[in-house]
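A.B. asks: Here's the feature list from TrEMBL:
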type: DOMAIN; residues: 5-360; note: domain 'Isopropylmalate dehydrogenase-like'
type: BINDING; residues: 77-90, 289-301; note: NAD(+) binding site
type: BINDING; residues: Arg97, Arg107, Arg135, Asp226; note: substrate binding site
type: SITE; residues: Tyr142; note: site 'Important for catalysis'
type: SITE; residues: Lys193; note: site 'Important for catalysis'
type: BINDING; residues: Asp226, Asp250, Asp254; note: Mg(2+) binding site
Amino acid sequence: MATFNLLLLPGDGIGPEVMNEVKRVAFWFNETGVVSFNIDEDLVGGCAYDEYGEPITDAAMQRATAADAVMLGAVGGPKWDGVPYDKRPEAGLLRLRRDLGLFANLRPAICYPALADSSSLKREVVEGLDIMIVRELTGGAYFGEPKEVVTLEDGQQRAVDTQVYTSSEIERIARVAFDLARKRRNLVHSAEKRNVMRTGVLWNEVVTRVHQDSYSDVELTHILADNCAMQLVRWPKQFDVIVTDNLFGDMLSDEAAMLTGSLGMLPSASLGEAQASGRKRAMYEPVHGSAPDIAGKGIANPIAMLASFAMALRYSFDLAEEADMLERAITSVLDQGLRTGDIMQEGMSRVGTDEMGKAIVAALEAQAG
Ligand code: NAD
Ligand code: IPM
Ligand code: MN
């Protein structure tokens, strides 16, 4: 039986609430005897700062490096608004991404048929939607240097973030996008701002070259990122794979999340280069944050977190069948009319986080016979 080491970093706010449902599902898989997850847990974000004065410790980083996959809940919240910038909860997440080399962030936005009326857009605009946003995750304005605030001679303050990309960073994310497109509808949109940014020009040139050299069978369209944002709400079904930089990808993926009905539905996978062992470092997390407004109430939607676990089954553990099962279980509870508050519709049954998780396990159980 295959054994995998899973590190859970539940984090802050609703993070631990939705991570409980991952434990429930992982324990269920352990009981089936098909696979065995060794589950380890550690702190990240505000809770780690409270305990250790750091948003993630070196020891937790070592465990994350050694794990077969990391599951992250969410970090942050108003409680830590006043902590020093480099110790803020989000810095823990950014260190994980950077130090594990997780450059490729896959953010699928799928509109489940049962939720086509939960979106703020019309049913016909979102029904059947299946987009994959490929966000570059370890470069751009998030990590470029200098990144600082300086006080000028006249007493003003000047803040600098640096948008920087090398051609190799662009090339490797472009390859991820083209490879994914080949397994989907063979269409890539590359979004940048070549009209105002030097990084946009380079992005455009490198993506064009990679396309010509290795992927001319895939249809490539270049699109300005602001137009892409508009087109996503105008007619999202024109897209298959969207490849874009770190900052544009952050915004476009929140926007895409709402096409699916709720931020509580959108999973993500963050993948690194293949190691000598053949294994890729990987972290899986929902796109949403710690949702301070609903934390502690037991009402958060665990589907984004559980769909992230399905991505872990697929991408890190090569358990495609189990991933399909979990995704079918999610579809099935939605078809049964179960809804957390964020996706609530008239005539449906409102459930809390753990009821939703239990129903998903029951739907797994039903498939296992
Ligand atoms: P958020 O995603 O936490 O919440 C935005 C809105 O969506 C809120 O109204 C929230 O209640 C709702 N929502 C989010 N997830 C939900 C779920 N699973 N079920 C039901 N409703 C859900 O974004 P925010 O409020 O801008 O940020 C709050 C904190 O989270 C900030 O500190 C931010 O930095 C952090 N954050 C962390 C991550 C992460 O850890 N990956 C991602 C985004 C934001
Ligand atoms: C996300 C989040 C993070 C980001 C924050 C919390 C650092 O918004 O994962 O989308 O901006 O990347
Ligand atoms: Mn974001």
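Even glycines carry a Cβ here, placed using N, Cα and C.
Unlike curated entries, TrEMBL annotations are predicted automatically.
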A.B. asks: Go through Arg97, Arg107, Arg135, Lys193, the listed recorded positions, and name the one with the sparsest Cβ surroundings, counting other Cβ atoms within 10 Å.
C.D. replies: Lys193
A.B. asks: Take the C-alpha atoms of Ala291 (NAD(+) binding site) and Asp250 (Mg(2+) binding site) and report the distance between them in angstrom, rounded.
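C.D. replies: Ala291 (NAD(+) binding site) to Asp250 (Mg(2+) binding site), Cα-Cα distance: 17 Å.
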A.B. asks: Does Tyr142 (site 'Important for catalysis') have same-chain partners at least 6 apart in sequence with Cβ under 8 Å from its own Cβ, and which are they?
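C.D. replies: Long-range Cβ contacts: Leu94, Asn246, Leu247.
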A.B. asks: So among the binding-site residues Gly77, Pro89, who's got the most Cβ atoms within 10 Å?
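C.D. replies: Highest number of other Cβ atoms within 10 Å: Pro89.
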A.B. asks: Between Arg135 (substrate binding site) and Asp250 (Mg(2+) binding site), how many Å separate their Cα atoms?
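C.D. replies: It is 7 Å, counting Cα to Cα.
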A.B. asks: Determine the Cβ neighbour count for Asp254 (Mg(2+) binding site): the number of other Cβ atoms within 10 Å of its Cβ.
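C.D. replies: Step by step: centre on the Cβ of Asp254 (Mg(2+) binding site), count other Cβ atoms within 10 Å, giving 15.
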A.B. asks: Can you tell me how far the Cα of Ala295 (NAD(+) binding site) sits from the Cα of Asp250 (Mg(2+) binding site), in Å?
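C.D. replies: Between the alpha carbons of Ala295 (NAD(+) binding site) and Asp250 (Mg(2+) binding site) there are 22 Å.
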A.B. asks: May I ask which of the binding-site residues Asp81, Tyr85, Arg107, Asp254, Ala291, Ala295 have a CB within less than 6 Å of any atom of ligand 1, listed in sequence order?
C.D. replies: Ala291
A.B. asks: In whole Å, how far is Arg97 (substrate binding site) from Asp250 (Mg(2+) binding site) when you measure between their Cα atoms?
C.D. replies: 14
A.B. asks: Using CB under 6 Å from any atom of ligand 3, narrow the binding-site residues Arg107, Asp250, Ala295 to the ones that qualify.
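C.D. replies: Among Arg107, Asp250, Ala295, near ligand 3: Asp250.
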A.B. asks: Any idea what the Cα distance is from Arg107 (substrate binding site) over to Gly77 (NAD(+) binding site), rounded to a whole Å?
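C.D. replies: Per the Cα atoms, Arg107 (substrate binding site) and Gly77 (NAD(+) binding site) stand 23 Å apart.
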